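J.: Per TrEMBL, the features are:
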type	residues	note
TRANSMEM	21-48	transmembrane segment
DOMAIN	22-442	domain 'Major facilitator superfamily (MFS) profile'
TRANSMEM	68-89	transmembrane segment
TRANSMEM	96-114	transmembrane segment
TRANSMEM	120-144	transmembrane segment
TRANSMEM	156-174	transmembrane segment
TRANSMEM	186-206	transmembrane segment
TRANSMEM	293-314	transmembrane segment
TRANSMEM	350-370	transmembrane segment
TRANSMEM	382-404	transmembrane segment
TRANSMEM	416-437	transmembrane segment
Amino acid sequence: MDRPPENLSDGQPPFWKQRRNLVAFLAFLGFFNVYTLRVNLSVGIVAMTSSSDSRTSEFDWGPELRGAILSSFFYGYISTQLIGGLLGAKIGGVKLIGYGVFSTAILTILTPLAARYSVYLVIVLRVIEGVFEGVVYPGIHAVWSRWAPPAERTRLGSFAFSGSFVGTVIGYPMCGWLAEKYGWPSTFYVPGCVAIIWCVVWLTCITESPVEDKRITKEELKYIVDSIGPTDDTKISFVDYPWKDILTSMPVWAITCAHFCENWGFYTLLTQLPSYMNDVLKFNIGKGSLLSALPYLVMSIILQFSGFFVDWLRKNEILTTTQVRKVFNCGAFVSQTIFMYLASNSRSEIGSIFCLTLAVGLGAFAWSGFSINPLDIAPQYASILLGISNTFATIPGIVSPMLAGVIVQNKSAEEWQWVFLISSGIYMFGAVFYGIFASGERQPWAKIKIEEKNGHDNKTFENVA
């Protein structure tokens, strides 16, 4: 069975005093910082290379060079997804995330100095930033494998991940305001300094596991430990992980496929939506940028409720874990397929904005499915599974903007229609694949055997963590 364990939470402190909620809140702020460190260059590079009546551009970087600078991050990012998963399982996610974000923040602060020295140094810095930031997403699953009770993992995980989308919504206008008010270097200095402050708080306040936390109450500690059950803390070599089982597991590839498909639509619109609004809807940059943030605002709001709803359905045994993951993930993908298709055929401003907002926003329900799924099927390897899936899911960040650039040559509505139709088809494929192969049950190769001290039998724990 893949249902969560019965409620063991009696006698716990109120939610605002629960340490696992502090972990989720600080993780939310961490992902917020991660995305402000990612989008600041997208805004800053406009101020760095554009001129106005009052000033001339400081850098003469053409479109191709700007594109190379913006895409360089992903080449580093894709290289450390699996490494981050392995390190998370080996040393724990808290230190991995903290030092990863800290290194990215330092390099961000150094970017203005690098830009004035050489554009190629900026590219190198962005690649290295991607390397350090690549360990963050896999690292958070190493944290949740020790901190998140099964009945709450969707709520805690979804809330933490929503910081990414809130960071996108706030990061763009915030960096735009900083560039306009204090100059383009501030778009690097301010997010970098804020991220460093967060790293100090995170590394000081959060421990790798609740057992190490000196401020946690006995009641909350007992609840978390009893809910998760036994964990395999044996420090085994990388080569001893069940790689064959992991790489031949269809539930693992279902997660990977869903992550790839969701990110294809996400990155397509994240990078191309302002251009579409300018080319087809004829919005100016200010209006287009504001409306481009709307889908991610909707996504952020939906994520706050979807995690609670998923855990409520599981806790009350209305749906099993497998059923709830498939319903939320496939339901979101089918809806995104429909709205992306409608957007491709819409010619009105309101209709296009409405369809594209829902095509992105409804992805929040999918994130309550595939992104938490590694904790269901193999909690002790969850960081590794997310590292594998995010490696493939980073490819759309590189490929989809390039493909859109190849298709959209004349900035016509017909060309943009093909961009949206491709995303629609990929969403549909993801819905079918995940619906067939996904699982919410702990996989046989991830079950922990504990030898009883008073006998020779091994006891296998199937429905823990």
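The backbone N, Cα and C atoms fix where each Cβ goes, and this holds for glycine too.
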J.: State the non-local partners of the transmembrane segment (186-206) in its own chain: residues 6+ outside its ends, Cβ under 8 Å from one of its Cβ atoms.
T.: 22-23, 26, 29-30, 33, 36-37, 40-41, 43-44, 47, 94-95, 97-99, 101-102, 104-106, 108-109, 111-112, 143, 171, 175, 178-179
J.: The transmembrane segment (120-144): which same-chain residues, six or more beyond its ends, come within Cβ distance under 8 Å?
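T.: Residues packing against the transmembrane segment (120-144) from afar: 23, 27, 30-31, 34, 37-38, 41, 68-69, 72-85, 87-89, 92-94, 96-97, 99-101, 103-104, 107-108, 110-111, 114, 153, 156-157, 160-161, 206, 208, 374-375, 382-387, 390.
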J.: Can you check how the pLDDT averages out over the domain 'Major facilitator superfamily (MFS) profile' (22-442)?
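T.: PLDDT averaged over the stretch: 87.
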